[in-house]
Amino acid sequence: SCMKAAPMKEISIRGQGSLAYPGLQTQGNLDTLSGPNDATRGLTSLADTFEHVIEELLDEQQVIQPSKENKDADLYSSRVMLSSQVPLEPPLLFLLEEYKNYLDAANMSMRVRRHSDPARRGELSVCDSTSEWVTAAEKKTAVDMSGATVTVLEKVPVPKGQLKQYFYETKCSTKGYAKEGCRGIDKRYWNSQCRTTQSYVRALTMDNKKRVGWRFIRIDTSC
């Protein structure tokens, strides 16, 4: 089978401030560019600026992580969100984690990648995947670290009411290339298959004895 992505790591920052976007200044816009060459330079400039912002966020993340003494810190995950409505975008910490994992796998620093061959930006994944927010109402049950099936609670009590639990899940795409095996594998000599893999995240759940608590459960996180 194809190489599987590394499990997502829990990110602990609750109660220690939040990440904020550094000042973002683009170098002109596409409407003011005069020709094809200028357009190419403009797009490259915007891409470099975006990567520079991510680099600063990752550097800041290492500074604001709490100490191990904060018992509530591990309740936060890059793939779990408590919200009154469906999140409109992927979680920022998830995007940072994905980008960092890519750089680690490619053995490159961000500064090196910004100045590398632009053609590398068009690389394709071995397996196609889809990601979306899933509610506890849709998920209903999950498997915890002990192998027991637990009920995922839809709402979490907070001082001013209740918030819903949302999980950002990634799984193999059911369309296109996934049915034919892994991309880049010579089908004449090798059999391959794209498979959805899971990782543990922290969620509010209830076991079969009606005991409610925060437990690590498995969700789909990669293909």
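Counting starts with 1 at the first residue shown.
Each Cβ is built from the backbone N, Cα and C atoms, and glycine gets one as well.
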Original post:
Pick from CYS2, CYS223: which cysteine does Swiss-Prot list as forming a disulfide with CYS172?
Top reply: CYS223
Original post:
Within 10 Å of the Cβ of CYS223 (disulfide bond), how many other Cβ atoms can be counted across all chains shown?
Top reply: 23
Subject >> Between CYS172 (disulfide bond) and CYS194 (disulfide bond), the C-alpha gap once rounded to whole angstrom >> reply: 7
**OP:** Among the disulfide-bonded residues listed here (CYS127, CYS172, CYS194), identify the one with the smallest other-Cβ count within 10 Å.
**Re:** CYS172
